[in-house]
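Scroll down for the structure; my scribbles are underneath it.
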Amino acid sequence: MATNITDQDPRGGGSVWNLDEKLDQPMDEEARKLKNMYTEKKLSAVMLLQLAFQSLGVVYGDLGTSPLYVFYNTFPDGIKDPEDLIGALSLIIYSLTLIPLLKYVLIVCRANDNGQGGTFAIYSLLCRHAKLRTIPNEDRSDEELTTYSRSTFREQSFAARTKRWLEGHAFMKNTMLILVLIGSCMVIGDGILTPAISVLSAIGGINVGHPMISNDIVVLVAVLVLAVLFSIQHHGIDKVGWLFAPIVLLWFLIIGGIGIFNIWKYDSSVLKAFSPVYIYRYFRRGKRDSWTSLGGIMLSITGTEALFADLSHFPVSSIQLAFTVVVFPCLLLAYSGQAAYLMKNSDHIVGAFYHSIPDCIYWPVFVVATAAAVVASQATISATFSLIKQALALGCFPRVKVVHTSERFLNQIYIPDVNWILMILCIAVTAGFKNQNQIGNASGTAVVIVMLVTTFLMILVMILVWRCHWILVLIFTVLSLAVECTYFSAVVLKVNQGGWVPLVISAVFFAIMYIWHYGTLRRYEIEMHSKVSMAWVLGLGPSLGLVRVPGVGLVYTELAHGVPRIFSHFITNLPAIHSVVVFVCVKYLPVYTVPEEERFVIKRIGPKEFHIFRCVARYGYKDLHKKDYDFEKKLFDSLIMYVRLDSLMDGCSDSDEYSLPDQQDEQMSDMHFNGNSSISKVNSSISSVESIVQVSSPPPHTNDIGYSNRSSAQIEIDELLFLNNCRDAGVVHILGNTIIRVRRESNFCKRIAIDYVYAFLKKICRENSSMLNVPHESLLNVGQVFYV
């Protein structure tokens, strides 16, 4: 039985660990005001308008820059029939209506995990309603978290049957994980392609304004802009983020205004594209050519997936308001205006947006377009960082450095290694293709696959979380797949025209993420099967002359139950343990955050006089353990609070309550690995509480009788003083350096995955001590080799 320890002042002053004190500097008034805004269930009209305005700069930058390149990618070989423009415009109108508006803004955005969006957020939400995680490290106490929201099912309900079907097949769990990884890798690919096509299309206005400038100059300028964009990522966007919303709002107003002007000046008959009849005529007339042009029309809804991934910054209602009032009508006007212009100037399909701008405002619009492209690129880069952080927390990505770039907003992070990889790939794509068409084909492939993955995940959300009737689930599935599979069939035809780029990039990232997760899972399974019973540990004293040395030993393990083999390996080779031993398990749960007051779970292992504890530190996928610079202090404060509560419960025989279930669980294991990796049976009869030698400097007030003649208050004072003295003597962090190798009889694929790919990733990734913020001078690594 575990006890949740509330982070309280040991002197008795209530809760002292809050968000304000966690940061290096207190929140200013603006940040506190925003925090209160996000937590209110009902927003005032003024507040809602303010948040809707701010969401424009974060959420809709990518979607808003699509008019720069959609028509050129739809008709790369020129416009053969003016009626084709009407059909293409009709497709754009209904694509914007069905996918961003109906599917994402009105439905998918509601499938958020306490305000968090993206494929991993949906996966975490599903994992709380069904046991879908491949690494089973959750405990019953985890379900008591305030952020661990879940619901129960009726035994014979459709949701309950679906849940049992998913949990009963390991294949379905792996399929779910693979599906999430594919969607995540495609988002990473889009994070590379969106900056490339947005910036290249915006800078392409130079070529339209001055035809004598060659395309190579345009590409060079775009590459320089991208290099600067990625180079300043480490500064964060907190200082300049307030500019994003005004820039994007101005951009939407400009493209909407230009659209109205062009409709009035050139051809208002394009408005008949609101009739879906012209979609049928478009396909009947163009046949295969019309079908392949869907790859270009698909670009009109790129950025929709980023809309869901960046959901964590704002309430759903503010995002819905911004889209329906500003984004949706301005985009319809922009595309209709371009179509009206092209009806009279079909030879200007290259750079159609810039050609349609009135000469008097050309260069101001060019500046705003470039700024909007940079904002759109920043949104996708930030979404990629956030996704990598989530994958890292769920054991699906190698350990990398994660830096908070803002003291006020915890969602703003920067990952140096990933940033430079994105920059190299983005510049390579821009300089390699040198035109919008092939980059557009690549971007469309990535986007449609992400949308398909989201649809499959949403089906499970509607069944397990929302408990929708199967007819509603069927309607959503049919409508979504009908549109998205149509687009997918079109982008598949353009794989050889640039569509292969996101497939290759995503395949590389998928291999990295899946192999790393596979290695992590195998390592966890080995530790679970090789954990030793406490009976064996207690029985080692007389045979090895085990002694207790002054100080505190923090033994890090991935196990929330049982004694890890690293501990037996350590004391077998060095027969001594510290006066106080704490098994520390840092684990991430499928929740977006764990409140500070619920961070630690403490329990005692063995009788009180042995001073052996277990501490489970729990984090959500948005939390960052590296941010807890005073992690050690918080751990000891929680330990002291546990001892105080433990003494109050002394009449309840707390030693039995906390120790026996844990020991019984450990004694259920019938074998363990000894120091030389041999396997032997556990003999529980050698277990004895006197087998560990007592500490040479016993706590005050002890006598031959031990604890029995003293009151609970005296025992509490003695143990607290003893813990403080041990902490002053020194704290040693004991980490296991686990190396896994495949057995000789393993197949070729497994050997490549473990002995080469996983070993290489483990070698180049960050040390676990750096991720845990362990002081180097207090670190002790214990090496182990396991064969799988």
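Glycine is no exception: its Cβ is also placed from the backbone N, Cα and C atoms.
Note: TrEMBL annotation is automatic and uncurated.
It should be emphasised that the depicted structure is a prediction, and the values quoted were computed from it without experimental measurement.
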Of 536-556, 746-766, the range TrEMBL labels transmembrane segment: 536-556
I'm a bit unsure how to read this: which one of 177-206, 242-264, 409-433, 499-516, 576-594 has the highest number of Cβ pairs shorter than 8 Å with the transmembrane segment (445-465)? 177-206
If one takes Cβ-Cβ under 8 Å and requires six or more residues beyond its ends, the residues near the transmembrane segment (361-388) are 57-59, 61-62, 64-65, 68, 118-120, 184, 187-188, 190-191, 194-195, 198-199, 201-203, 205-206, 209, 225-226, 229-230, 233, 237, 244, 247-248, 250-251, 254, 258, 303, 306, 309-310, 312, 353-354, 397, 400, 411-415, 418-419, 422
Which whole-number mean pLDDT does the model give the domain 'K+ potassium transporter C-terminal' (550-785)? 70
For the transmembrane segment (409-433): best-contacting stretch of 43-65, 177-206, 242-264, 472-493, 499-516, by Cβ pairs under 8 Å: 177-206
Verify whether three or more Cβ pairs under 8 angstroms connect the transmembrane segment (43-65) with the transmembrane segment (321-341), leaving out any pair fewer than 6 apart in sequence. yes
Selected stretch (most C-beta pairs under 8 A with the transmembrane segment (177-206)) from 43-65, 242-264, 472-493, 499-516: 499-516
